[in-house]
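Structure, as C-alpha cells:
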C-alpha cells in the first residue's frame, strides 16, 4: 500500500517527498466509541494553527496541480494506459477492503484534521455556550415575582424532622423536581435523636424560689438531676473560663450560666465540661437579643454532625453495628432557659463582679447561690428522607456539584429552611429550563438535595455523606449550602474552602446588587477577604462536606451587619420577622442568593477545567510551617530535654516545598493544555479534585475523629493541634507529651507530602525522593 501510495503521489504531484499520513485515534466516552482519522501533508504542518478556533476551522492550503506536458508517443501512451489500469485496480482493492471493514466494524465518525493539531473528541455536547449568555439566561429566569408563590408553597408552621409536615414538604420538593423533568430519588435513614419529655418536663429551681419548667430544650444533653452553685461565664468561650480561673473561681461541680451567641451551644457545653462543671444553662441576653422575656430556645449540643449513635457510618435500617455513641456527646446536663428566668437568677447572684465588658450588673456567683437542674429528654428513633433531583452532564456525567438546603425546623423556620428550600427549587427550575429550552448543556452533573434533620446537627446531610463516602469524595467536586442565606440586608458573608476563594471573588464581581454596583463593590470594597470571608464553623451544614468528606464547599448569607439573626432556634422565625430584618426585601435578596449560588454551580459545570485556586492552600501551609518552626526552636532552646536538636522541621518544610512545586507545575500544565482534549481535562480536573480529599488525615479513624482535614478539621491530627501542643510543651502542661508530639508531627508532615505527590500527577512524574 505504501508503494502504491508513493506511485500515485509521483504520478499526480511529481513530488516524491510529499506524502499523506494517517493517524487513527480511538476515544471511549460513555458507551460510544469514536474513531477519528487525521490527514495532513508536510505543507499543512508549515501552515499550522494557534487556537481552539484553528482546530475547528482549519482549512489547509494546497499547492495547485500543475500538469506536465507528456509527448504522445506510443511508449508514453502505453505507459499512461498501464498507469491508469494500475490506479483502477488499486482503487478497487482499497474500496473493497474499506467496504469489508465497514461491514465488520460499526461506522465511526470521521473528521479530517491537520496532523499537528490535537485530536478532537466527539462528546455529544453542543458547542460551548458563551459564559455571558449563560449568566444572562440565569438572570432572566430568576425573578422576585416567581419567588412569592414558592414561599407560600413551602411555608409551614410544623415541619420538625420526621414529622408529617416534614414528609409533606419532601413530597412537594420531589414533585417539583419531576415537573422539571429531573431524575429523582429519595434516601431513607433511621436516626436516633433526643426530643423533650413527652410527659413531665425539664425543670430549674434557684435557691428556694419558684420551680421553672422551660419548654425549650437542647437535644443530646445528658439526663439526670444535679445541684450546684451557679457561676456566670459570659458566652462560655474558652477565654471566658480562663478568666474565671484567673480569679481563682473553682468550677468543679458548678452550674454554669452563659449567654447565647458567638459560639455554638455544643461548644459552650464542651468548654464547661472541660472545667468539670456539672450543668450548663443557656439564655438569650437582652443586650444581644430582643426576642422577649418568655421566648423559648431550641437547639442541640452534639460536638459533631450526623446521628451521634452511628458515628462514622450511616443510619440505615439494615445497619448491624453494636451500640456505640459519638465522642462529641456531652457528659453533663444542658438546658435552655428564658430571658426572664436568667434575669431572676442573675439578680440573686453574689460573689465577685464581672469585668466591664461582661456587663456591669453581672455578679459571678458564690457558693451559696445553689440551683437544681433536671433534664428528662427522650431518645427516639425517627425515619427521615432526603430528596434529590439531578441534571446530568453531557461530558463528565459522573462528576457533580451538589446544591443542598435544610427542609426541617423547630417551628415555622422561615429563614432557617423555607427561604433555602425555595432557592433550591427555583434554581432547579431555572437551570432545567436552560437545558431543555435554551440549548445549555452542562459538561458535568448538578445534584439538588433537600436535607432533613438539620436542626439536630446536619443529620440528614451527614448520614448521606457517611453512606456514600467512598463514591462522593471521588466524584463530587463541590458542595453549595443554601441554609440561612437571607437573614438581613446590610452585610454579606461567605465561608468556604480556600480552593474556592478565587471563584467566589469573580462571582462577587460579576453579580449586580442594586442598579449601579456589584456585590463586590457593595460588600468587599475594602479588603474583600477580611470584609466578606468568615471561618466555616462546625454548626454549618457545609462543614462535614469539607472536613469529613474532603469536598470543597461554600456557604453564604446576607446578614444584618455583625449581629446574628435573632430568631434562629425559636418559634418566632416567621416571614414577618424576616421582613422586618430585611426591610421587606426577602424576594429580592432570595433572587440575588439564587444567582450567587447559580453562578458558582454553573461556572463549575460550564468550563473545561474546574476553577479552583491551589495557591490559597500554599499560603496557608506556609503560614503554619513558619509558626511551627518558630515554636519548635523555642521549645528546643527552653526545654532541650523534651525536643532534642535532632528533631528538625526540615521534613515539614520539604513537604511544603513539594506542594508548592506541584501546584505551580499544574498551573503551568493548565496554561499549556488543550481545552478540547477531553481526556486531558478530565485528568487535570481529577488532580484538582484530589487536593481537598488528600488533606484528610489517613491516620485517624472517621468514627473517632470524623473531621479529619488537617488544616480545617478538628482533633489532635490537625496542624493547629500540633502548634497548640508545642505551647503546652513550653508551658509544662501535664497533658503534653513529647513523644506524642513527634508522632503527630511526622504524620501531619507526611499527609502534606502525600497531597503534594497526588497533585504532581502520575507516580513516574514525581521528583521527590522518599
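For all residues, glycine too, the Cβ spot is worked out from N, Cα and C.
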*Which stretch, out of 55-76, 77-98, 99-120, is listed as transmembrane segment by TrEMBL?*
77-98
*asked:* Summarise the domain 'PA' (226-288) as counts of helix, strand and coil residues per DSSP.
replied: 19 helix, 19 strand, 25 coil
*Across the domain 'Peptidase M28' (386-589), what is the average pLDDT of the model, as a whole number?*
96
